[in-house]
Each structure stands twice: as C-alpha cells, then as structure tokens.
Amino acid sequence: MIVSEHAQLHLGVFYVGVGAQYLWDDPSNGAHTEIETYVSVARTLERGLFDAFFLGDGQRVRENRGRILALDVAGRPDAITQLSALAAATTHIGLVATQNTTYNFPADLARRLSTLDFLSGGRAGWNIVTTDNAWTGANFRRGGWLDHERRYDRADQFVEAASALWAGDRAVIERRTDLVGLRAAATVPRSPQGRPVLFQAGDSPGGRELAAKHADVVFSANTAYDKALAYATDLRARLARHGRPADAVRILPGATVVLGDTPADAAERSEDIRRRQLNPQRAISFLEQYWGRDLSGYDPHGPLPDVEPTEEELDPSRGTLSVEHRTGKLDRIRQWRELAESKNLSIHQLVLEVQPREHSFVGTPGRIADEWARYVRDRAVDGFNISPHLVPAALDDIVDKLVPELQDRGVYRTAYEGTTLREHLKLPKAGLRR
Ligand SMILES: Cc1cc2nc3c(=O)[nH]c(=O)nc-3n(C[C@H](O)[C@H](O)[C@H](O)COP(=O)(O)O)c2cc1C
C-alpha cells in the first residue's frame, strides 16, 4: 500500500435538496428553495475552508405510480442558477453543479458552465451524471430514450463535444457521432479555468470508465474504508489504461457525519437522527418503491403488506431505486418477509433494520479526524463529500469541531492558498483537448 504522510483532505458538501437524509420536520432546517439557506451554507463552508459546495440535480420530481413520491416533495431548483447567485455572495468556495448528459445539449451546457466560471472567477465545477432513470426524459419528449449503457455512450460523446468547445477558442467544432451531432462555436470566450472542473458520479463499470477518461474528481459511492481502497485501486488501474497519471483524479466519497462529545453520545445521536429520518410515513414510502403499489392503507406499526408487488411496476427504468436494488427485488421482498416473520417485525421496524442508512462516520471529532487521516494517508480517498442532515446546524458542528482536529493532524489546510476550484483541489492545469 502507498502511504503518503503529506496527503491533504479536500472537503465538499453535497446538498441534494430532496431525499430521506434531511430532517425536514426540524424547524432549524433551512428551506431548500430560499437563497438565504444557500448563502448561509456556502458561507459556513468558506469559514471551514471547504473546497466545494455541490448541488444535485433532478429535472423531474420523482414519482411512484403517478404520484409525487413523499420523499421528494418539492423537487430541486436549477443548480446552475442557484450557484450563479452564490457566486456573488462568496469568494472562495468551489461551485459544483450536477447536470446530466442524457437530457441536456453540449453547446448549451458548455455555455452555461462557462458563464458560471466567469461569474465566480474560476470556481465552477460540473458533476457529470447520466441520471438514474429513464422517465425524466418524458419532460423532454424523450421518456425511456436510452438504456443505462447507452446513456454512458452519450455521456462520453457529450463530454468530448463540450471539451472541444471549451478548447476551441470559438473555432467551429463539428461532431457527428451516433448520439451527438453538432456544428457550433463557443459563444463566450475562454473562462478563467479554461473549463469547469469535471466531477463524475455513478459507480457502474460505465461510470468508472467515464471517470477514468474525463474526470478531475469522482464523487464516489464507496465510503467504507475497504470499499474506498478497492475503488481507488480500480480507478487508478483504469486511469493507467487511459494514459493518465494515478493522481490525476481526486476521489471524494459521499459521507454522513454525526459528532458527539463522547462515543456513546455520538452513537445515541446517530440512532436518534436515523429514527427521525426513517419515520413511519417514510417506511411506507420506502416499501411502496419496491411494491409499486399504494400502501398508504397499511399500518406502519403492523405486519408487512399481504399483497405481492405488481409486475408492471417492476420495470427497472421507472423507479427511484439504484440498479443494485432494482434487480432481484422480488427475492429481496421474499427475504424481508422471512425476516419480519422470524423476528416479528412491523413495517417500520423492518425498514429500520434493512434500510442501509447508517451514518458513515459517528464519533467524537478527534476519533473521526484520526479515521480520516488514515483514509487519506493510505490514499483510499482524497477527501469527502458530506451530506448534512440539518442545514446549516450540522455543518456548523463540522466546521467548528471537526475541522480544527483535522488541522491539528496536518491533513487539512489552515487557509485557502488559491482562488480557483482547480487550485483548491491541487489539480494540474486543465488539459484542453479539441
Ligand atoms: C454519489 C452520487 C450522486 C448522484 N447525484 C445525482 C444527481 O444529483 N442527479 C442525477 O440525476 N443523478 C445523480 N446520480 C446518479 C447518476 O446519474 C447515475 O445515473 C446513477 O448512479 C446510475 O449510474 P451507475 O449505474 O453508473 O451508478 C448520482 C450518483 C451518485 C453515485
């Protein structure tokens, strides 16, 4: 194993704006559509010398059987627009917008991201995703347009085309590939970073290849130490195959953090947060995603539904579940029934047991700082992308208590040294390829 004594952590915050990790019913949680929430989060992160503020993207509110999913009540405002407003309210933090390559167009997106790079003085990042479902496309008359693998083909062709525009100095670029066709010139001059820092999120082999070929940073789903190390090893082998150096990409797995004054205090908080995240109503919504049926008539404190999932809703293109969870879902339901029966669990109890929403780091600030120092020195990660459960309160704790411990251990900056996102991440200058 390579051990690097001088390794430095890079930190981001992933603000999804939807989903089960937020304690929506907590009055201290800022409304995710209000600019004040974003400004206060971004300023907290700058106080903590974070590298990046990271926004997810969803072009369609998630549904379950034609109804808006209870876990996705308000949807997500447009990330680039929000980050443009933040550019004016901040000075250092990187501003990373998730944007998919399935339902956008290269020339348009390249232009909007260049604009963000201008407005922020070189702090723009693009998190390249393909989207995890096909029905988002119905908003664009393209429902079910491309299957999983073809979405990655288009992603590759899309990023090539956008990169050519960024490198082109307004020369006319022509691309005629099977999924991308364009004849265009950049409509704005070269932006401060040349192009945005390219992030990638998506863990399948197709996603990993896309990262190895194009990304500067990976927002990885592999957080546990062994998985993180295995992922880093796999990615470095892929980078070598693409002729890129092993340190060309920063790896930032997603992380949830619960701090406490003692280990027992942290564990207690974590369990409390988990119970509030997965309340009885959410337990029903969770099961509905698997059953594909309206289960609102079932008592969350009673036994599992006595009906089977509907076949029509087993279509893997429609759900909100990960690929891993979509395949073999009937088997999974069978296992859950056995588990619930053998342990006499209610719906809510079962979901608490099977839903893998354990927080990734739970402990005192000192203990977590030790753990993170080990991760980064062993080159398992280059940092973390933190998903908070309370905004901004949980981030205040991280900035005030965890950051100083990381600094004491010499694994985290004590001041910003540069002004661009690329500089924060200590990435080599962008190679612009036409
Ligand atoms: C950590 C992480 C964050 C993601 N965030 C988003 C997002 O905000 N919007 C989106 O459309 N897809 C998002 N994705 C999903 C990707 O678009 C991708 O389609 C999905 O993970 C399936 O691809 P895969 O099989 O390669 O993992 C995210 C994926 C990961 C792993």
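Here the Cβ of each residue, glycine as well, is placed from N, Cα and C on the backbone.
A quick note: this is a predicted structure, and the numbers were derived from the prediction, not measured.
FMN binding, as stated in TrEMBL, involves ASP57, THR98, HIS148, TYR152; the candidate among SER4, SER28, SER191, SER204 given for that site is SER204. A 10 Å cutoff on Cβ-Cβ distances gives ASP57 (FMN binding site) a total of 20 other Cβ atoms nearby, all chains included.
Counting Cβ atoms from all protein chains shown, SER204 (FMN binding site) has 15 others lying within 10 Å of its own Cβ. HIS148 (FMN binding site) falls within a helix when secondary structure is assigned with DSSP. In the three-state DSSP scheme, THR98 (FMN binding site) falls into the strand class.
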